C-alpha cells in the first residue's frame with residue numbers, strides 16, 4: 001500500500017505579485033525551493049490564509065534571493081498581493097517507508113525569508 005504524505009511546506013509566505021496574464025503556475029524564489037526540496041514543475045497545493053481558498057498549480061523557479069511568490073494565470077484570481085499563503089507538496093510513500101519519511105517545513109518571515117527550517121512538523125505547534 002502507498003500513502004500520500006506531506007513532503008514539504010512553505011508556511012506563511014506573502015504573495016508578492018498576482019499575474020493574471022501568465023500561462024499559469026506559482027513562481028517561487030529558487031533558494032527557498034532548494035531549502036525545502038521542491039523542484040520546478042512540481043505539483044503543489046496553495047492555501048490562502050486570508051480567504052480560505054485552496055487550489056493546485058505547479059512551480060516555476062524565481063530569481064534567487066528575491067523572495068518572490070507570484071501566482072500566475074487563473075490562480076491570480078484567488079490571491080491578492082500581500083496575502084499569506086501556505087505552499088504544500090506531497091509524496092507517494094510506500095507503507096514500509098512511512099516511519100522514515102521526514103518532511104521539510106520552512107517558516108517564513110514578513111519579508112519571505114526563511115525564519116526557521118524544520119524537519120518533520122511537530123505535533124501541537126501553533127505558528
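Positions of Cβ are set from backbone N, Cα and C atoms, glycine also.
Swiss-Prot lists 25 with the feature pyruvic acid (Ser), giving sequence analysis as the kind of evidence. According to Swiss-Prot, the feature active site, schiff-base intermediate with substrate maps to 25, an assignment based on sequence analysis. The substrate binding site annotation in Swiss-Prot covers 57, 73, 74, 75. Sequence annotations record features per position, and here Swiss-Prot assigns active site, proton donor to 58.
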Checklist entry - Which one, from the binding-site residues 74, 75, has the smallest tally of other C-beta atoms lying within 10 Å of its C-beta? => result 74
Checklist entry - Within 10 Å of the Cβ of residue 57 (substrate binding site), how many other Cβ atoms can be counted across all chains shown? => result 20
Item to check | Neighbour-count leader, CB within 10 A, recorded positions: 25, 58, 73 | outcome: 25
Checklist entry - What whole-number distance in angstrom separates the two most remote CA atoms of the substrate-binding residues 57, 73, 74, 75? => result 10
Checklist outcome for this item: Candidates 25, 73, 74, 75 (recorded positions); nearest Cα to the residue listed as 'active site, proton donor' turns out to be 25
Checklist entry - Looking only at DSSP and grouping its letters into three states, which state does the residue listed as 'pyruvic acid (Ser)' belong to? => result strand
